[in-house]
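Chemist: To start, I am sharing the structure in question, which I have written as structure tokens.
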Amino acid sequence: MSIEELPSVAGVEWQGLNQAYLRVDLIGLWLFRLGVLGVFLAYTFFVEGFPPVVRWSIAGLWVFLLLLTTVLRYLGFRIKGYAVRQHDLMYRRGLLFRSVTVVPFTRIQHSEVEQGVIERQFGLSSLSVFTAGGSQSDLVIPGLKREDAERIRNFLSQKVAADEEE
Amino acid sequence: MKRSELNFLEPRRQAQAAIAIFIYKFVVRILRAAWPILLVFLFRSNKEQSNTELLMNATVVIGGLFSLGVSVVAYFRYFFHLEEDQLVIQKGVFNRSLTKLPFERIQNLYIEQNVLHRLLGVVSLRVDSAGSSGHEVTIDALEREDAEAMRAYVLEQKQEEAQERSGLGPEASERSAPLAQSIVLRLTFEDLLRIGVTQNHLATAGVIVGTVFGFLFTVAGAFEQDLVKTLIERWPMLQPGFWGFLILATLLFVVAFFLTLIRTVTQHYDLQFFESRDGFQLKAGLFNRREASMQKRKIQLIRWTDNPLRRLLGLFRVSIHQAISGSERVAEQISIPGCKQAQVNDLVHSSFEGSAEAEFRGHCISKAYFIWYIRFMLLPAVVFGALGYLLQEPRFALPAVGFPVLGGLYLWAYQQRFRLWLSPEYLKTSEGVLGRTVTLLPVYKVQSVRIRQSFFQRRRALASVELYTAGGSVRVPFLPLDLARALQDYVLYRVESRREDWM
């Protein structure tokens, strides 16, 4: 078998994340960043003699960065996607810094379906796949419909169990 | 054990003592994070509180009460039970999570008891799944008999499964009697001194400086007095100036030198390294005697490193990595300082069958590596240059020129010397500027592959490849995209097409 005949990762068909996840992602981002801004502003008002110029320029910069991040997340959303192939699970992300991670089913230790507070409002879940050793090689696919996440998780458990029996 | 005797089949909570343990853990966490604040609280000279202080204390108190509440609620929301073939845990206060751990993934179960457990008459059950750090399962408080029953049940199920799979009787798996061991390496006191002298003393010096400053600033910050300033004013040695600096630097180096030397000797004292047919064993240490053993088939990757001083003596530090679960058990990795090249080769060849005959083809990384990273060296140069110009301070020219020149040389050498070696069964990288680190792993040990591409790399059809095993990872930066993809495809094909015992 030559290199050209190997199943190639390059031509895979990506499944996009659920459209509602973009909102989940942005709400989370805004809540967190505005929360930090609120604490900062409260602090500067509390401390006497904090120069207003410094206060507002930091706040302005913060908001500008927030808007910039929002645009990047918005554009990056369509890059995010996953693929379930015959023997492995893939996840792609990153607009400026793209990464494609592949985890073979035979190397999966266990998997979890998780739901954050905001995700729950939209009926979404995240699927986490854990491998052995350090956490760097773990995979998290966010923005899945609850039932999709459960379905993939069950599929993975079956695959893992079937592999064990072979 | 009959299933009916087990009362773990329905979701249930831990023993109530778990609340006490949760609270204890919480208090420890608080103490560790906030000891300077508490110190000030206890030893403050003036009892008047300023507004900022009041705010700070209120935050601490509210945060404390909140976390305390969370710990208690966490107990009531923690459920576990056993299903047919897996352990199920539901937990979480804000984010609920459901963990299912199939028995076949469980490596072992440990019953542990610390002082608090002993007082409360419970035990904790730690489930080792060779999973990632932070995702290990520990049930904090159980009655001892429950824990033992659970442990026995899971292990029994595991064994039955294993027998069904292999079709062998129970005696076959337990026959592995200890085999004859032969000693491979033994370090004498003289060897230890040699290794100690060639350690990286600069790293120790860095740690000393960091620790001392960290401590001074924490204490000074907590007491709101400029302790550091007082210290500097009182000590003539710390006065700014060439001689003060020289004395301080020499002192620091001497202390660092002896500290590393002492640490090396105590840590590796009377190091003995044995090999048997299936594995390795290491014994070392003066005060804490470590004994680590490792099965050859569980080895994920081997790494050997030298530095300029070691090169003169022909010595390498070899580390053998097996599957780790959790960061705290890094100590289970075997690390042997002071190996000769021949010993390294023997070790590698006996761990990885056929690696001696493997024919490797070498690949370089792209020169674009230099072009990308030199930008980050130019940034400080520009900052120092601008500052020097604005402040009319010619001394700033030194870092302004030094950063890009030294950094550039380093990057250039790194790019030139980096090699990726590929053979059908093995993958090897060799990297480093002053020293050299070689990493070797069998391709089938890989458990996940990641290709990264920045916008810069995408324009030039380049990519960085990261290969993760259960014992560590290898990163190859700036490969041609075609090669990166072919490598990824091949590694996945190799991992997925055969079933092998890899961990």
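Heads up, residue numbers simply count up from 1 along the chain you see.
Heads up, the Cβ atoms here are built off N, Cα and C, so glycines get one too.
What TrEMBL says about a protein is an automatic prediction, not a curated fact.
Residues or ranges marked as domain 'YdbS-like PH' in TrEMBL: B:75-153, B:277-346, B:417-490. What TrEMBL records for B:21-43, B:55-76, B:202-223, B:243-262, B:370-390, B:396-414 is transmembrane segment.
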Chemist: For the domain 'YdbS-like PH' (B:75-153), what's the mean pLDDT in this predicted model?
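Modeler: Mean per-residue confidence for the domain 'YdbS-like PH' (B:75-153): 79 out of 100.
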Chemist: Hey, does the transmembrane segment (B:202-223) touch the transmembrane segment (B:21-43), meaning at least 3 C-beta pairs closer than 8 angstroms, sequence gap 6 or more?
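Modeler: In this chain the transmembrane segment (B:21-43) contacts the transmembrane segment (B:202-223) - 3 or more Cβ pairs sit under 8 Å.
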Chemist: Could you give the number of helix, strand and coil residues in the domain 'YdbS-like PH' (B:277-346) as assigned by DSSP?
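Modeler: Counts, helix then strand then coil: 21 helix, 33 strand, 16 coil.
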Chemist: Over the span of the domain 'YdbS-like PH' (B:417-490), count residues by DSSP class, listing helix, strand and coil in order.
Modeler: 19 helix, 41 strand, 14 coil
Chemist: Tally the residues of the domain 'YdbS-like PH' (B:75-153) by DSSP class, grouping H, G and I as helix, E and B as strand, and everything else as coil.
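Modeler: DSSP composition of the domain 'YdbS-like PH' (B:75-153): 21 helix, 34 strand, 24 coil.
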Chemist: Cβ under 8 Å to the transmembrane segment (B:243-262), counting only same-chain residues 6 or more beyond its ends: which ones?
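Modeler: Here the qualifying positions are 193, 196-197, 199-202, 204-205, 208-209, 236-237.
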Chemist: So which residues does the transmembrane segment (B:396-414) touch in its own chain, when a touch means Cβ under 8 Å and the partner is 6 or more beyond its ends?
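Modeler: Here the qualifying positions are 369-370, 373-374, 376-378, 380-382, 384-385, 387-388, 431-433.
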